[in-house]
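Trainee: So TrEMBL lists the following for this protein:
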{"type": "COMPBIAS", "residues": "16-33", "note": "compositional bias 'Polar residues'"}
{"type": "COMPBIAS", "residues": "63-75", "note": "compositional bias 'Basic and acidic residues'"}
{"type": "REGION", "residues": "1-120", "note": "region 'Disordered'"}
{"type": "TRANSMEM", "residues": "135-154", "note": "transmembrane segment"}
{"type": "TRANSMEM", "residues": "174-195", "note": "transmembrane segment"}
{"type": "TRANSMEM", "residues": "216-241", "note": "transmembrane segment"}
{"type": "TRANSMEM", "residues": "247-268", "note": "transmembrane segment"}
{"type": "TRANSMEM", "residues": "280-302", "note": "transmembrane segment"}
{"type": "TRANSMEM", "residues": "325-344", "note": "transmembrane segment"}
{"type": "TRANSMEM", "residues": "400-425", "note": "transmembrane segment"}
{"type": "TRANSMEM", "residues": "445-470", "note": "transmembrane segment"}
{"type": "TRANSMEM", "residues": "491-509", "note": "transmembrane segment"}
{"type": "TRANSMEM", "residues": "521-540", "note": "transmembrane segment"}
{"type": "TRANSMEM", "residues": "584-608", "note": "transmembrane segment"}
Amino acid sequence: MNRPSRTDEPYEGEGFNQSPNDLSNDLTTNQDLNGIVNARALEPGEDDKGLSLAGDAGTGDGDVSRSYHDVDWGKDGSGPAATAATTKSDGLGLPEGEEVPATTLPTLHSRRLPPGDGGDTPKIHEALYDRVKKAIVKFGSFIGPGFMIAVAYIDPGNYSTDVAAGASYRFRLLFVVLLSNLFAIFLQSLCIKLGTVTGLNLAEACRAFLPRWMNYVLYVFAEVAIIATDIAEVIGFAIGLNLLVPAIPLVAGCAISILDVMIILIFYRPHGSMRGLRIFEYFIIGLVLAVVVCFCIQLSLIKDTPVGEVFQGYLPSRAVVESQGLYQACGILGATVMPHSLYLGSGIVQARLREYDTKHNLLPPEMDEVDLNGDSIDKGYYVPSAKAIKHSLKTSTAELSISLFTFALFVNSAILIVAGVSLYGNPEAPDADIFSIHQLLTDSISKAAGTIFALALLLSGVSAGIVCTIAGQMVSEGALNWKVRPWLRRLATRSISVTPSIVIAGAVGRKGVSEALNASQVVLSVVLPFVTAPLIYFTCRDKFMTVRDGPGGGARFRVGGAGTDEEESTATPPEGTVKMANSWYTAGFAVLVWVIMAAMNVANLVLLGKGDQITFTTFYFFNGPKSIADMSHLKYYSYEGVGQRNLAGFSYNQAVRIGDRIECSGQGGWDPKTGEFYKEINAQIDQAFANVELNLKDAGGAGWEQVFRVNSYHVPINDEAIAAMVRNFRKWMPNHKPIWTCVGVPRLGEDDMRVEIEVVAHVPEESSKV
């Protein structure tokens, strides 16, 4: 029998109109009204205290007015338990004793009482405070991994490349520092995504998802990067220790670096308790903050430097496309986006995922049977639950981004700024090593500046050596599945890197360790594209980045290690899964970043293959003339920047070598990179002397110490100009006095040019660099 659309009869049954009129304006039934009105009842919650539920059946016997605390909300908390409950008919006009379904009670709805009527105004501000407090506490529990990764971006290699960039280009390569840090944040976010979703670090993912031969090839590149990185950390530690305590030789400093790192790593237990892990992370945080404090003090010692000029350095500059600038940019990139940090970033996020699954009883039974502090962890690995992934992914990425964009970017920028202020234009800076830089900082700023620089270098070496050893352990375990105790793995990976450093320090001493430190950074830059390619590939494929979010979406423990779960890597994902691969625009940007890094390295290798001279941050055995036109026994030279531009635009070189003699074109008071002139006469004369030094060394000479003839031209010639010339003679040639011709002229080659100096130097064949 069909039920009409509307009825005044007591509700019973399912309430469906089995044959409604298709053209009816209102198909609402009793069931609809009952469900709609009852849905207005507030769900129980802490914020609803002080609210009342009032009936809408009018007044009199049918009125119902109860606090929501008096209502039976049912087990699920979604509303009054009306499914099976019944109530007496008293007050409802039905025969006494007859029971009716509870849903026929007058509908309860919420009414917020005004202040003073017995209800409390909801404490909105307190609720907001609780939410903010909860977010801060959650974020605080994730602080640690970002600092450990940030250590990789303030290691001793950064000191070498950033100081070189500041000495050569002042602040103009700050743009490269900023760009490298943005690249690092982006790539590290992909590492966190890979480690969080798959439960694997990058090395384990390569073994699980790539052909065996490719995994071995990538392992070789990774091991080269680990060795090159650890060489820089060991050398940086040894140099910093030697600068602070000169009695300790470099070889002993390299050996000591084994002991300090191994002792500290005893306390690193990634599969142990979270409390122990956090104590270790707090120690690393303390080292990072100590380095930051050192450079805050260092910056405070700088005087008379326009802030606008510093910030202008973060804008793109043509210095990046010059050969020396490009080489130094590659060095900064290799020292900032370090390959080993990608393995580290993908391998230290699992601890907090496991903590979440443990707290919420989502760990599988297999995890209870595994001794996470022993060797049995090698028999399998942990795969986080979908809930743990959602809980951790965004917070981990935010913590990492803040750590890198604040601390790592600040330290790298501070190193370059300090070098730019104290070393730019200094004739000794282009050939300086870290020892010389320490002395230059001491002389140009203060003794405290040199000491703080050495202390920061020492702390960076310690902290970077720790995380580099951890990354080396991850690479060896993940790619090769080593079955030995963790301390033996760490000793092996550390020894592989320390041995070359000790050999270099013992064989060639101070100059050798400086050259090895500089060269290691370019090696890292070359390896970087090979390490980042699989990372981008894994995170862009749904095949690897799919999470179970339905039945079976809890944490798992795969027995047998990575690569043994056929379902995870080959089969079609089951129902109830979430695909977390990169979006198309993220994937496109990742490919763009990879192409930029690869292109910079190709250009860098081409320049090295041509034998171009690149001062300070290059392999010294690549040193050679910048522009040589070999005409019989004549060899011509033009240094980078102004020299090369004048060669292209005006068809003349800056120097010519004739046997044991070098003759130089007239040098003015211009910036050798940009060609801009200093306005003040003393500044122009000082810069002209520095340009002569650069020109002579570019041609293979030793500089002003070999000059025997000087001709100078002045606009105008006066006592101030003569005094500036004499002052520079005494500075640049303290041990001999050349012959000098001084001429006053009405105008020189350019409008702002007030001095031009040309020299002739005698260079004995045995002292020649060419």
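Here the Cβ of each residue, glycine as well, is placed from N, Cα and C on the backbone.
Note: TrEMBL annotation is automatic and uncurated.
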Trainee: If we call contact 3 or more Cβ pairs under 8 Å (sequence gap 6 or more), are the transmembrane segment (400-425) and the transmembrane segment (216-241) touching?
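Mentor: Output no: the transmembrane segment (400-425) is apart from the transmembrane segment (216-241).
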Trainee: Report, as numbers and ranges, which residues of the same chain sit near the transmembrane segment (216-241): CB under 8 Å and 6 or more residues beyond its ends.
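Mentor: Those are 152, 155-157, 159-160, 203, 206, 210, 248, 250-254, 256-257, 260, 338-340, 343, 434-435, 454-462, 464-465, 468-469, 471-472, 475, 479-480, 493-494, 496-498, 500-501, 504-505, 513, 516-517, 520-521, 523-524, 527-528, 530-531, 534, in sequence order.
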Trainee: Who are the long-range neighbours of the transmembrane segment (280-302) in its own chain, taking Cβ under 8 Å and residues 6 or more past its ends?
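Mentor: For the transmembrane segment (280-302), the nonlocal Cβ contacts are 143-145, 147-148, 150-151, 154, 264, 267-269, 407, 410-411, 414-415, 417-418, 421-422, 445-446, 448-449, 452-453, 455-456, 459-460, 462-463, 466-467.
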Trainee: As a test: from 135-154, 174-195, 445-470, 584-608, pick the stretch that has the greatest number of Cβ pairs under 8 Å with the transmembrane segment (521-540).
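Mentor: Most Cβ pairs under 8 Å with the transmembrane segment (521-540) come from 584-608.
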Trainee: Please work out whether the transmembrane segment (135-154) lies in contact with the transmembrane segment (445-470), by counting C-beta pairs under 8 angstroms that are 6 or more apart in sequence and asking whether there are at least 3.
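Mentor: They are in contact.
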Trainee: Same-chain Cβ contacts of the transmembrane segment (445-470) under 8 Å, 6 or more residues past its ends?
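Mentor: Residues 148-149, 151-152, 154-156, 158-159, 226, 229-230, 232-241, 243-244, 257, 260-261, 264-265, 268, 284, 287-288, 290-291, 294-295, 297-298, 301-302, 340-341, 344, 348, 418, 421-422, 434, 437-439, 490, 493-494, 497.
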